[in-house]
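Some notes on the structure that comes next.
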Amino acid sequence: MDKINQTFVREFILLGLSGYPKLEIIFFALILVMYVVILIGNGVLIIASILDSRLHMPMYFFLGNLSFLDICYTTSSIPSTLVSLISKKRNISFSGCAVQMFFGFAMGSTECFLLGMMAFDRYVAICNPLRYPIIMNKVVYVLLTSVSWLSGGINSTVQTSLAMRWPFCGNNIINHFLCEILAVLKLACSDISVNIVTLAVSNIAFLVLPLLVIFFSYMFILYTILRTNSATGRHKAFSTCSAHLTVVIIFYGTIFFMYAKPKSQDLLGKDNLQATEGLVSMFYGVVTPMLNPIIYSLRNKDVKAAIKYLLSRKAINQ
């Protein structure tokens, strides 16, 4: 390969919505409001899961980790996006881009595994209620959560290292809001077939396998619910699973759109960021973390009771 034109990039420029200047102020206001909701909503869920003894169960331990994950993910990306929207400062350092890519990929991978663990937890609770305390004891659910975080971190380390090691031939303009891995790989002037293969393997491990766990868990749950004679029992089982299932549909719907389409199609796409792609990216990165605590607090009686208890206790203390 001709190496004359290859130069090391010291920083990147994130185009974002620069092609739609009238939308930038609107997006700034929307993202800012949603970020505040994310911090408050997920923060309340974390505090409630720690302080309220009624939530000291595996499901709420997973939920607390999911809320913490959403805060970490959005905090690694939203503040810089807000700054670029309001100040027109669109440059990000090479190391800053790598850090942003790492956290985004790590949090996404971890969330896939966490959602799978939560589905398995619901399967054991509904299909094997008598053995639930034995199967899902504290050692088990803490270990499952630790594996989720560790595997997500390892996957992100591998993908980020492979993506950032290529020469970029002086081309440093990223057609995205963030240092998203596919957008960065478009700038590489080397053969990225290794990245495509590793991303495909990652998709199988972190998208397909957890989704299979979720699918079969809910098949067994549905079978058990339909066999239940008690209408109250069926309603309780459905209400317990509905929040998680809603989050799964929203999360996997957006992430499959972004990462499960053919890589050649994505990497050879148009130079300008499509409006639909930008909206889906924002939905995945901002709207989904905002909806998670809202969905769980609206659908789950225990969470609603815990939040009301915390708010009432705070009002009394004041």
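Quick reminder: no glycine exception, Cβ is built from N, Cα and C everywhere.
As annotated by Swiss-Prot, topological domain 'Extracellular' applies to 1-25 (among others), with the evidence given as sequence analysis.
Positions annotated as N-linked glycosylation site by Swiss-Prot, on the basis of sequence analysis: N5.
Per Swiss-Prot, transmembrane segment is recorded for 26-46 (among others), and the stated evidence type is sequence analysis.
When pLDDT is averaged over the topological domain 'Cytoplasmic' (47-54), the result is 86. According to Swiss-Prot, the topological domain 'Cytoplasmic' annotation covers 47-54 (among others), on the basis of sequence analysis.
Feature annotation from Swiss-Prot assigns transmembrane segment to 55-75 (among others).
Annotation comment: Swiss-Prot describes 76-99 (among others) as topological domain 'Extracellular', evidence class sequence analysis.
Per Swiss-Prot, disulfide bond is recorded for C97-C189.
The transmembrane segment annotation in Swiss-Prot covers 100-120 (among others). Among residues of the same chain six or more beyond the transmembrane segment (100-120), those with a C-beta under 8 A of the stretch's C-beta atoms are 59, 62-63, 65-66, 69-70, 72-73, 76-77, 80, 92, 141, 144-145, 147-149, 151-153, 155-157, 159-160, 163-164, 178-181, 184, 202, 206-207, 209-211, 213-214, 217-218, 244, 247-248, 251-252, 255, 285.
For 121-139 (among others), the entry in Swiss-Prot reads topological domain 'Cytoplasmic'. Across the topological domain 'Cytoplasmic' (121-139), DSSP assigns 13 helix, 0 strand, 6 coil.
Taken from Swiss-Prot, the feature transmembrane segment covers 140-160 (among others).
Broken down with DSSP, the topological domain 'Extracellular' (161-197) shows 14 helix, 2 strand, 21 coil. What Swiss-Prot lists as topological domain 'Extracellular' is 161-197 (among others), and the listing cites sequence analysis.
Residues or ranges marked as transmembrane segment by Swiss-Prot on the basis of sequence analysis: 198-217 (among others). Tertiary proximity for the transmembrane segment (198-217) is limited to same-chain residues at least six positions away from its ends with a CB under 8 Å from its CB atoms, namely 108-109, 112-113, 115-116, 119-120, 122-123, 151-152, 155, 158-159, 162, 181, 248, 252, 255-256, 259-260, 263.
According to Swiss-Prot, the topological domain 'Cytoplasmic' annotation covers 218-237 (among others). For the topological domain 'Cytoplasmic' (218-237), DSSP puts the residue distribution at 17 helix, 0 strand, 3 coil.
The transmembrane segment annotation in Swiss-Prot covers 238-258 (among others).
Among the features that Swiss-Prot reports, topological domain 'Extracellular' is placed at 259-277 (among others), with the record citing sequence analysis.
Per Swiss-Prot, transmembrane segment is recorded for 278-298 (among others), and the stated evidence type is sequence analysis.
The Cβ of C97 (disulfide bond) has 24 other Cβ atoms within 10 Å, all protein chains considered.
Look at C97 (disulfide bond): DSSP puts it in a helix. Counting residues 6+ beyond its ends, the topological domain 'Extracellular' (76-99) has Cβ neighbours under 8 Å at 9-18, 24-25, 27-28, 31-32, 35, 107, 160, 164, 174, 177-179, 184, 285-286 in the same chain.
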